[in-house]
Amino acid sequence: MIETYNQPSPRSAATGLPVRMKIFMYLLTIFLITQMIGSALFAVYLHRRLDKIEDERNLHEDFVFMKTIQRCNTGERSLSLLDCEEIKSQFEGFVKDIMLNKEEKKKENSFEMQKVLQWAEKGYYTMSNNLVTLENGKQLTVKRQGLYYIYAQVTFCSNREASSQAPFIASLCLKSPGRFERILLRAANTHSSTKPCGQQSIHLGGVFELQPGASVFVNVTDPSQVSHGTGFTSFGLLKL
């Protein structure tokens, strides 16, 4: 008699270990990413905090410096005469630098009090529209970057009354895109009353690097004294 024998099926391989490894790697990745983000945020916070501490320290030093000057002026004995003299010398140097910067800025902006000359495309006008344009009859605007020779001649009537003997000033000015206007060249000439209208000329010229969109123009102290005859007053530029 033959009996059947059922052999038990083999057990399936355990799959729990790979699943646990995947979960572990997933959690580890999240932890590392979180740590990196946290470290970056902490670095930004620390940088800003150090900047704030530096500003506070500078303000504290300025406050101590001003208090020391006050103590020197009141004649407190806690400070020696040598220390007070050195501190006062530093303070006077700071004030002098501030005043010099203010005077320089005033000189740079003084041309705003003058008047821009008007120009017309006549006479020996040879400007190329592909290179430069005359805008509003006042300024020449370049379209290409490069070195330019800029020139100007202003002829004016030098006869003046005795009550107004201020020199006639002509300024060649530059206005760059996104920047303030500044003076490139300036010249002055005194008036003369020996003739009914003695003609005098001022010549300005130089080589400058201009960016696309930069404009140049001429300012004078009194446009009513300018002689506009052909060849007397001119303004232009040449690309080198």
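Using the three backbone atoms N, Cα and C, a Cβ is placed for every residue, glycine included.
Since this is a predicted model, take the numbers as computed values, not measurements.
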Quiz prompt | Disulphide pairing with Cys197 per Swiss-Prot - partner from Cys84, Cys157 | solution = Cys157
Quiz item: Including all protein chains displayed, how many Cβ atoms other than that of Asn219 (N-linked glycosylation site) lie within 10 Å of its Cβ?
Solution: 23
